[in-house]
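A.B. asks: Provided herewith is a single structure, encoded as C-alpha cells, for subsequent inquiry.
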Amino acid sequence: MAQTWGNFLFSLLDYKTEKFVIAKNKKVGVLFRLFQLGVIGYLIGWVFLWKKGYQETEEVIQSSVITKLKGVDFTNSSQSGLQLWGAEDYVIPPQGDRVFFIVTNYVVTPNQKLGYCPEVRDRLLFYFVIPNTNYATKNMRHLLERTGRCINDTGTCEIHAWCPVEHGQTPSEPMLAKAENFTIYVKNFIKFPKFAFSKSNVLPTTNSTYLKMCRYDKDHHPYCPIFLVGDVINWTGYSFQDLATKGGSIGVGIEWNCDLDKDESQCNPEYSFTRLDSVKNSQNSAISGYNFRFARYYNDVAGQTYRNLFKVYGIRFDILVNGKAGRFSIIPTVISIGSGLALMGAGVFVCDMILLYMMSKSSFYRETKFETVRVSLQTLIPAAPQTFM
Ligand SMILES: *[C@@H]1O[C@H](CO)[C@@H](O)[C@H](O)[C@H]1NC(C)=O
C-alpha cells in the first residue's frame, strides 16, 4: 500500500508531453494555417485595435450639469401691456438645472379674483365646481339646480372660481420670438471614479474672452459650451417656429468617450441634439407640444388676493450625459489573449475531424494516430518498479 502511494507521489513530479503526428496533407495544412491567420487577425484587428480588449473599462460616469441662459425679449399684449422677459422670468426653474424650460409663448389671464362668474363654453371641463359630477354641456340643466344661476347671455352657468376664467387663445406666433437668439451656457463636470479621472466640458484651454464670443458649431467650435437656442432646434431637424408656438422637448446629449492611455486633452465631449417628444411619422397633434399653467399671487390695497394666471408654452431641454473610459490593464489583456488561444484549439479540433473522418485516406490517418495498446495484467505488475530507475 505504502509503495503504491509512493509511486503516485513520485509520478506527480513527472512531466508529460504530447506526442504529435505530422500529417503530410497540404489541404488540411493550408486550412489550418488559414484558420490560424483568421484567429490572429481577429485577435489583433478586432479584439485589440478596434475593441481595445487590452483595456479595463468603466461605464459609470458621475456628472453634474449647470446651465445658464442669457437674452431678453419684450412682449406686448392687450391684456398685460408691455412686458420685459429676462432669464429670471422665462427659465423655469430658474436655478440652472440639467432639465429646464424656456417660455416662448403664453396666454395670460390677469387679475383673477376668487368669486362667481359664468363659465366659458369651450372650457367647461376645466372649471367645474361640484366634485364627482360628470357634467358636460348637455347636463347644464342639472347644474342649474345645484349652483343656482345660469346666465342666458353666455349660455353657461355660474361657477365659483378664480374669475374671470381663462378664455384667451394661444397666439399662432411665438410671443417671445427672440428666444431663438437666447444662449444656453452648459457647464458639465464629469468623473470616472474607477480611474480617478475628472474633467469639464469647458476645456482648460478656453479663456473668458473666447467664452464671451463663441457659439457652439460642430465644425468650427466643437468645444464651445455656449449654444444658441435656435441652432439647437435646427440641428434636431425641426423649426424654431413650430416648437416655440406649441412647445416641445429637446434632448442635448453630451458623450464622453475617453481613452485614458492617450493624453488627457484627447478626452473631449461630443454633443448631439434630438427632439424627444416626437414619435416618428405620427400626425397625432394630441401628444405633441408642451404647456402648463402657473399663477402669480398678489394682494391689492384692500388686502384681497388676486392672481395672474399664465398658460405657458415652451421648450424643455434635457441635458443627457453619458460616456465610458478605458485604460490598459493586465487582466483584460490576458483574458483576451487566452480566449484567442482557445479559438486556436477549436481550429485544431475542426482540422482533426476533417483529417480523420472526411478525407479519402482517413482510415490510414486514424490507424497512425490512434495506437491501440493491449496489455495483460501479468506484464503490468513487474513493470511498475521500473519507473523508479
Ligand atoms: C437673431 O440674431 C440674428 C443675427 O444676429 C438676427 O439676424 C435675427 O433677426 C435675430 N432673431 C430675432 C428673432 O431677433
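Cβ coordinates come from backbone N, Cα and C, glycine included.
Just so you know, TrEMBL annotations are computer predictions that nobody has curated.
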A.B. asks: According to TrEMBL, which residue among CYS214, CYS258 is joined to CYS224 by a disulfide bond?
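C.D. replies: Checking TrEMBL: disulfide partner of CYS224 resolves to CYS214.
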A.B. asks: Say TrEMBL lists LYS68, LEU69, LYS70, THR183, ASN291, PHE292, ARG293 as binding ATP: which of LYS51, LYS199, LYS311 is in the same site, per that record?
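C.D. replies: Answer, per TrEMBL (ATP site with LYS68, LEU69, LYS70, THR183, ASN291, PHE292, ARG293), from LYS51, LYS199, LYS311: LYS311.
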A.B. asks: Ligand 1 is in the model; which of the recorded positions CYS117, ASN181, CYS214, CYS258, ASN291 have a C-beta less than 6 angstroms from one of its atoms?
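C.D. replies: The qualifying recorded positions are ASN181.
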A.B. asks: How big is the gap, in Å, between the Cα of LYS311 (ATP binding site) and that of CYS214 (disulfide bond), rounded to a whole number?
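C.D. replies: If we compare the Cα positions of LYS311 (ATP binding site) and CYS214 (disulfide bond), the gap is 34 Å.
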A.B. asks: So among the disulfide-bonded residues CYS224, CYS258, who's got the most Cβ atoms within 10 Å?
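C.D. replies: Within the set of disulfide-bonded residues, the most crowded position is CYS258.
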A.B. asks: Going by DSSP, is ASN181 (N-linked glycosylation site) part of a helix, a strand, or coil?
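C.D. replies: SS state of ASN181 (N-linked glycosylation site) = helix.
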